[in-house]
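Okay, structure first, notes after.
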Amino acid sequence: MKVLVAVKRVIDYNVKIRVKADHSDVDLTNVKMAMNPFCEIAVEEAVRLKEKGVATEVVAVSVGPKAAQEQLRTSLALGADRAIHIETDERVESLAVAKLLANVVDEEQPGLVILGKQAIDTDNNQTGQMLAALTNLPQGTFASEVVVDGDKLHVTREIDGGLQTIALTLPAIVTTDLRLNEPRYAKLPDIMKAKKKPMDVRTPADFGVEVASKVSLLKVESPAERKGGVKVASVDELIDKLKNEAKVL
Amino acid sequence: MSILVLADLHEGQLAGATAHVVAAAEAIGGDIDVLVAGEGVQAAAEAAAKLNGVTKVRVADNVVYAHQLAEPLSALLVELADDYTHVLASASTTGKNVLPRLAALKDVSQLSDIIAVDSADTFKRPIYAGNAIATVKSDDALKVITVRTTGFDAVSEGGSGSASIEAVDVVVENSQSSFVKEELAQSDRPELGGAKVVISGGRGMGNGENFKLLDGIADKLGAAIGASRAAVDAGFVPNDMQVGQTGKIVAPELYIAVGISGAIQHLAGMKDSKVIVAINKDDEAPIFQVADYGLVGDLFEILPELESNI
């Protein structure tokens, strides 16, 4: 079974972001970028499926600027066999990403597609679900366990009240939650080998997909700052403040 | 303007989140219908009809909608969506699971986790773990939106049950997905998302056993108990207690963070709380930068004292 993994280049999760002075967007110049943490988990899961003999080939795909090839190289170093880069400098909304990925699914015919549940920049949590809709495949979102059982896929999902297990027909789309696995680190020899692995570079136009969205970003602002608080010296003082000053007890 | 709200259900009953989503729908303006889809959901439909602002409750009661699986539920919504300008759901795991699928089937974008309504087509939503607020405008004919419940005060119950209830006889096929099992965490405490007081423990709690130190305080305050991702990943407590970018978003009157350093991903889930209290032995911990009241010290001494003095 071929496994397709989608990865996104985002601002590193430790970075404290700055909003641009003209409020047009978040400032990404000279900021450390990395693979989206949920995508790392997706790559790890695909590689583990290959190590178990369930997956025969792992293909990593990314939509974004030329620099996104760094994250695809990382995927290759972690164990993906080849990569597809759909290059665009436009701001691509989830629906357009899903349309591009649907074209790749159509070409590659994978048995399973794994994506992260959300990107930590836009926090949308949409692409996997949209891809499932466009390819008319079942979806197992927010997965904390994935088990291939013959022609079925058992997915344990993290839901609000606890856990839910569903069975899906294959092929299927899965999005990863944090507890699915612990991603490995790429070793230097693997990073070197990854440079020789194939990378197919395409454009949205190759697939006839219009990237422009009907959603426009009007403004980006910093959230309201919280006022610096006070430190109290004792439990009694804390309770007194909560009762008489904040009036929440 | 006509708005369809997908009701949240919890074990077949109407969940509190629905009243917040109806409030967001009122901010948009127009007729508000609520769709209750599931199996054996008549009581939930009657509860939805009592919510102020609701014009009509539509009930799809069929075994195919049990457990609100994404494939049948989105197919049902596709059948109904043409009657509406907006489809709303809470940003619960069900809303997040189903609405993007509906949006793609209708070839429109989806707006996630809105916290404010500027107009019928312009909304505010947090990005980058809540460290920036984006104002976005949708020119799609159908707006598909998930609502962050902490951004909107719940509408009250009218009690009169003035909304009409009508059955939806659309039954879709689903051969792609099936329910296997569910493991729900049992608790007598208020639901984390809607609690007025939340007390959360982090890695500093040391182990799962020590979370019992929070029980007495939670009981006295009528609080829900939460946790940081570090505490969940360490196996101290189940993941549905997690507060943060990847867990639940809460905005209670009082949030007490115990042994939590205050990583960006945790702050994303609680920094809209009215009053934040931090208890931590590290006086440099970032949590103190957002806390209204900070107490530096050993939580194992502070918690019992707090419990007996409240």
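Using N, Cα and C of the backbone, Cβ positions are placed for all residues, glycine too.
If you look up TrEMBL, you'll see B:3-183 marked as domain 'Electron transfer flavoprotein alpha/beta-subunit N-terminal'. Summarising the annotation, TrEMBL assigns FAD binding site to B:Arg203, B:228-229, B:242-246, B:259-266, B:Asn280.
When the binding-site residues B:Ile260, B:Ala263 are compared by the number of other CB atoms within 10 angstroms of each CB, B:Ala263 has the fewest. When the C-beta distance to chain A is held to under 8 angstroms, the binding-site residues B:Gln242, B:Gln245, B:Ile260, B:Ala263 reduce to B:Gln245, listed in sequence order.
Neighbour counts were taken as the number of other C-beta atoms within 10 angstroms of each residue's C-beta; across the binding-site residues B:Gln242, B:Gln245, the minimum falls on B:Gln245. Per-residue confidence over the domain 'Electron transfer flavoprotein alpha/beta-subunit N-terminal' (B:3-183) averages out at a pLDDT of 96. Counting other C-beta atoms within 10 Å of each candidate's C-beta, the binding-site residues B:Arg203, B:His266 are led by B:His266.
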